[in-house]
Amino acid sequence: MEIVLSLGIGILAASGVWLVLRPRTFQVIIGLSLISYAVNLFIFSMGRVTLDAPPILAPGGIGDPTKMADPLPQALVLTAIVIGFAMTALFLVVLLAARGRTGTDHVDGREAE
Amino acid sequence: MRSPVDHLVIAPILLPLAVGAFMLLLGERRRRIKMALSLGTVAALLVISMALVAIANTPVGDRWSSLIVYPLGNWPPPFGIVLVADRLSALMLLVTSILGCAALVFSLARWHRAGPRFYTLFLFLLTGLNGAFLTGDLFNLFVFFEILLAASYGLVLHGSGTARVRAGLHYIPINLVASSLFLVGVSLIYGVTGTLNMADVGRMVPALSSPSLVLFEIGAGILGVAFLVKAGMWPLSFWLPTTYAAASTPVAAMFAIMTKVGVYVILRLFLLAFGEEAGAAAGFGAEWLYFGGLATIVFGAIGVLASQSLQRLGGYSVLVSSGTLLAAIGTGNSAVISGALFYLVVSTLAICAYFLLVELVERGRQAGADVLAVSQEVFGDPDDEIEDEEDEVGVAIPATIAMLGGAFVACTVLLAGLPPLSGFIAKFAMLSALLNEAGSIKPDDWAFVILLMLSGFITLVAMSRSGIRALWVPSGDEIPRVRAIEILPIGALLFICVGLTILGGPAMRYMEATAQVLYWPQVYAQDVLGTGAPVRVPSEAAP
């Protein structure tokens, strides 16, 4: 379980980094999305990996912390997803504006010599 | 009961947010209302931040400072998010609102018409900045960082034009990647310490043992890289001069504070988590900050010397300034840091004034004006035409050149740190702290001393050269038409810098007290978390 999760995060982050370093804006935006997926999974895993445990207490009474997932990272991931989504949308607009203005999709706004 | 004064802490965040959101409902044509609303907001922010500085500077009983802890939603810290207004936060708030006033007033002359939703974006930027300075919670800090960055993405593109879009294409992805690093760092720290409250994290660090301590240091390192990208430390700063040079004038002036946000967070977190009381982790990363800062000074100074345009020169001056601050933090000497805080205020104000001034100087040289003309063509409304006419005629102030030249000389003196003005006091405070330390000076410190003087000298050379080229050489250009509303904010900024020279004593005492408090993170933690000496936490906050 842990090894699958960490491999997943690693592959997502590595692919993301490789794509961010590519010269085309579309590759960069896909790379940024992959990195944000990796980061979201990473935040989630920082609350420790628990199986079949809800992040809420049973009504009435103090719950057993070992039978419960950490709710805080889940809240953090939710926030991070929303912010990441908004930023991707914003960058998409800039990307299209750059394509329209410079006539190329190179990240420097001009083709490499 | 909470005293009404405590609610002042949340006002710098809520006020611009609410007004900015409200202005989205008004159409693009109702500029006068928007202008009045945003001017009122920044003026109110200025008053509030002055009040906060006054409160933070009032000792309570035998205590150094009276910091206000404001638990959001009344959840007791560390479970709820807190806002903390202490000397450092209040000082940064004040600098932000001074810059906000100056940049906004300047933009009213013409720049506010260069693109849509300028006021809203501007106020949201202030929201994010104020929030980042006030929050006492790591994840909340991330949220405010994203607010200020999102607003800054919009503002970088304000006025449109190919150069700005191109700069945005670099600026935005770099900051998005830095935000990812920020999140990784924060979640690692949460995974190790189980808390996100900064004061609580600082309290946990001395208790950490080997395996978790290593993880914590990795988390702090990743977090540090994210902030250093914002602060513009040398290998992470290549985006900065291009972006600042491409941004429209009031935006570039406002961005003078953006690198200082990174410096502020590093100063706060570094001393909180890795101060002298941190046990095994004490001083983690200090060498990186110190030598990174020195490298940034060198890079910035070379850039200043090599700049062809006045805007790029300003961008590199920003780098020199943040390099100096980072190196000063790296020395870990509280006297140096109090000098550095003074330097922070002076250099931020001076760079802001410089960016505003550059446009007026360049106006006579007919450079960069074409971009503005194009964007006004695209975004201008038909009903603006009458206003535009007045605008182009302007009021030619007699002896305009003399005033611009005088302001340019003042900026040069401030940035180079020459005697009559407050830039000198700041550098002198840092130098005397470095040289007087227990009689002997470490060889490392000599590098800082030499670079501090050399960077001042290089700034002087470069700025005199471009000043002569821009103002003295008779090139047949017409005298720049400058409106009073444009010269006013520059004059005010420089006046504050002169005021800081005259009131150098009280200001320096404030900085010293700020630096002293930073060196007692355990006291700060007690104050914020309310487990020790009496603090002004409302009693109803108890569980």
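Backbone N, Cα and C atoms are what each Cβ position is placed from, and that goes for glycine too.
Taken verbatim from TrEMBL:
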DOMAIN    B:136-436  domain 'NADH:quinone oxidoreductase/Mrp antiporter transmembrane'
TRANSMEM  B:39-59  transmembrane segment
TRANSMEM  B:79-106  transmembrane segment
TRANSMEM  B:141-159  transmembrane segment
TRANSMEM  B:171-193  transmembrane segment
TRANSMEM  B:213-232  transmembrane segment
TRANSMEM  B:244-267  transmembrane segment
TRANSMEM  B:287-306  transmembrane segment
TRANSMEM  B:313-330  transmembrane segment
TRANSMEM  B:336-357  transmembrane segment
TRANSMEM  B:401-426  transmembrane segment
TRANSMEM  B:446-463  transmembrane segment
TRANSMEM  B:484-503  transmembrane segment
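Only residues 6 or more beyond the boundaries of the transmembrane segment (B:446-463), in the same chain, are considered here, and those with a CB under 8 A from a CB of the stretch are 290, 294, 297-298, 300-301, 304-305, 307, 313, 317, 320, 323-324, 327-328, 331, 408, 411-412, 415-418, 427, 430-431, 434-435. The list of residues near the transmembrane segment (B:401-426) in space but at least 6 beyond its ends in sequence, with Cβ under 8 angstroms from a Cβ of it, reads 317, 339-340, 342-343, 345-347, 349-351, 353-354, 357, 360-361, 456-457, 459-460, 463-464, 467, 470-472, 479-480, 482, 487, 490-491, 494, 497-498, 500-501, 504, 508.
Same-chain residues lying 6+ beyond the ends of the transmembrane segment (B:213-232) with a Cβ under 8 Å from its Cβ atoms: 145, 174-175, 178-179, 181-182, 184-189, 191-193, 205, 240, 258-263, 265-266, 269-270, 273-274, 280-281, 284-285, 288, 292, 296, 318-319, 322, 325-326. Put simply, of B:79-106, B:141-159, B:171-193, B:287-306, B:313-330, the stretch with the most CB pairs closer than 8 A to the transmembrane segment (B:484-503) is B:79-106. Segment contact is absent for the transmembrane segment (B:313-330) and the transmembrane segment (B:141-159), given fewer than three CB pairs below 8 angstroms at sequence separation of 6 or more. Counting same-chain residues at least six beyond the ends of the transmembrane segment (B:287-306), those with a Cβ under 8 angstroms from any Cβ of the stretch are 224, 228, 232-235, 237, 241, 266, 270, 312-313, 315-331, 444, 447-448, 451-452, 454-455, 458-459, 461-463.
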